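Taken from TrEMBL, the feature active site applies to Asp517. For His569, Cys579, Cys581, Cys586, the entry in TrEMBL reads Zn(2+) binding site. Annotation source TrEMBL lists domain 'UDP-N-acetylglucosamine 2-epimerase' at 37-373.
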Amino acid sequence: LENLLSRKKLRVCVATCNRADYSKLAPIMFGIKAQPDEFELEVVVLGSHLIDDYGNTFRMIEQDDFDIGSKLHTIVRGEDEAAMVESVGLALVKLPDVLHRLRPDVLVVHGDRFDALALATAAALMNIRILHLEGGEVSGTIDDSIRHAISKLAHYHACCTRSAEQHLIAMCEDHARILLAGCPSYDKLLAAHYRDDYMDIIKNWLGDHVKEHDYIVALQHPVTTDIKNSIKIYELMLDALISFNKRTLILFPNIDAGSKEMVRVMRKKGVEQHPNFRAVKHVPFEQFIQLVCHAGAMIGNSSCGVREAGAFGTPVINLGSRQTGRETGENVLHVRDADTQNKIYHVAPQRSGEGISKIYGDGNAVPRILKFLQTIDLDEPLQKTFCFPPVKEWDISQDIDHILETQSALAVDLGGTNLRVAIVSMTGKIVKKYTQANPKTFEERIALILKMCKEALSDAVCLNCRILGVGVSTGGRVNPQEGVVLHSTKLIQEWSSIDIRTPLSDALHLPVWVDNDGNCAALAEKKFGHGKGVENFVTIITGTGIGGGIIQHNELVHGSTFCAAELGHIMVSLDGPECMCGSRGCIEAYASGMALQREAKRLHDEDVLKVDGITDMKNNEPVSAVHLINAARLGNSKADAVLQTAGMALGVGIVNILHMVNPSLVILSGVLASHYQSPVQQVIEQRALPSARSIRVLTSDLEEPALMGAASMVLDYTTRRLY
């Protein structure tokens, strides 16, 4: 007696969001109210209960003589996906004050509605114990995700079927906190089967001339993950119902995304004015179950059809995917692919009473749940524990080879002379490099690339490198989205309108990225070089030709036709030397390795490439840009003038770039970069606008920018929007 007197009453808050969940919660609420010595009941009403269009169903809670402690208007109208999300957010804003004021020991939450997710989230974060009803079930829509999320937040579970219990155990929930209770609504359903005034209820809703088993109950809700198909099925259902020529009670759909469109279809077909139809927004639950019990059939996708209707053996036609995965009795026939009116029309005559199903309960769920609530120990730790299955000791996370494995990329660089392949690690280290002469024909080139890549993949296993993909750097204009070389440079023959991605990906079974060598150099600087952490910069390659890449707002700029950053073809003179592109006065015609070689050969032919009558050229050695640079370094004024002109042309081009895209950094890359840094910086200081003169010019520290840029496309693909 002393223990009973000292025992604190359990303060239970029951939160209800709509007419459907109240039908499951009401029997529990009556049970709690009937035991005032054991429980203290608080009622919170939110969601569609408080909306006029849905019947203001909170009134039936008041008619059941329950005191509503809080009414929360949480629905944002719109009946689309965004409105559902906003409704959850609004509920989360309003619930903390209510829960803080009520301070319940246990919050009872039902089912899988988005309102219930907000309730469970708020209670869990406020350290309030949660009892979840009907967890562990499977229906095949977004409701599954919401239902399982609530189960993971809940501390206790009252489930309806043996399969649901097993699902909760498989979800690592503590078996000791799971009660196989049955569905609370079945307690009332099984008792109400023999109500004497059922014909009065039928006539009240459907008219005086309707007979038992000679009418249809229809209730179809949208499937939020496939709204378009939901509307199609709803339209076909209405067409079939009109064809049946039977008296039909049709309920409006719930408030989920897509309901507005479904109501529009109903009104377009004139259902509300049709003599065979009675369209309603709400029927009190006790009357609704009588209507379902004595109907000739129920049609739609409501859970009532696959659950409650089974208590009476009412024939049910379940349409579409909303209840896929639900356990059903033999009274339910599924028409999952309801793509024609005829399917629905012809299946109806096959429905006849198939016997009562008690899958979801035996009529004693509420007493079980009340006893379960009484066993909750408020002194035990609030933090729930999960019962994970044992993990085998040889799990891959314990494998030393897996731990030491290096995430890497295969990088391919297609130059005018050589074809190179490298294994590049996540840190930018070139683990191994392979070099071959670049073949002259397409077939030979592709075959050699595949051969070199396969060799590298084989070596990667021994080097403990896990290859994530292949990145290809090539000269010319490239469509990186399709992996196609649109137009090649003259240095690489048979290389225009070429799909590189497909043959490599098919043969190597790896994802493949392709881009222009100048863009790759910019990507290399962004990941491994001076451009790391810089939001806006330009990289310029000074080699055989002139190229580069532009990084704006941390993204590579490709342009509408993939020819952005063709920096070598910026014109700095109207009548300058001819460029390989066919124009005149381009930067490349002044400052590229080929341009310097051309000038070196001219000076050599004029016999003025000497210093003090001495040349550093060996017999029969071809003239190159190196000889021009060496001559200038040794004091040859004509060679120095050529380099000064080249530096001026490159500097003026870069000033134009600064004025167009305003980067914070210019990086010079390639074999000629160190020779151009000083003259370019001088031109910027002399010719750029004052606001651009402070921009830094650096030479790249990367030895293999093309290979490292090709690798960066692979190594960064999970975070790059462009690739």
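Positions of Cβ are set from backbone N, Cα and C atoms, glycine also.
Neighbour counts of Cβ atoms within 10 Å were taken for the binding-site residues Cys579, Cys586; the minimum is at Cys579. Here the Cβ of Cys581 (Zn(2+) binding site) has 15 other Cβ atoms within 10 Å, regardless of which shown protein chain they belong to.
Its own atom aside, the Cβ of His569 (Zn(2+) binding site) has 20 Cβ atoms within 10 angstroms in the protein chains shown.
Restricting the average to the domain 'UDP-N-acetylglucosamine 2-epimerase' (37-373) gives a pLDDT of 87. There are 27 other CB atoms within 10 A of the CB of the residue listed as 'active site', with all protein chains counted. Recorded residues Cys586 (Zn(2+) binding site) and Asp517 (active site) have their alpha carbons 19 Å apart, per Cα-Cα distance. Reported as a whole number, the C-alpha separation between His569 (Zn(2+) binding site) and Asp517 (active site) equals 15 Å. Within 8 Å of the centroid of the Cβ atoms of His569, Cys579, Cys581, Cys586, where the record puts Zn(2+), the same chain has further Cβ atoms from Gly568, Met571, Met580, Gly582, Ser583, Ile587, Glu588, Ala589. Between the CA atoms of Asp517 (active site) and Cys581 (Zn(2+) binding site) there is a gap of 17 Å.
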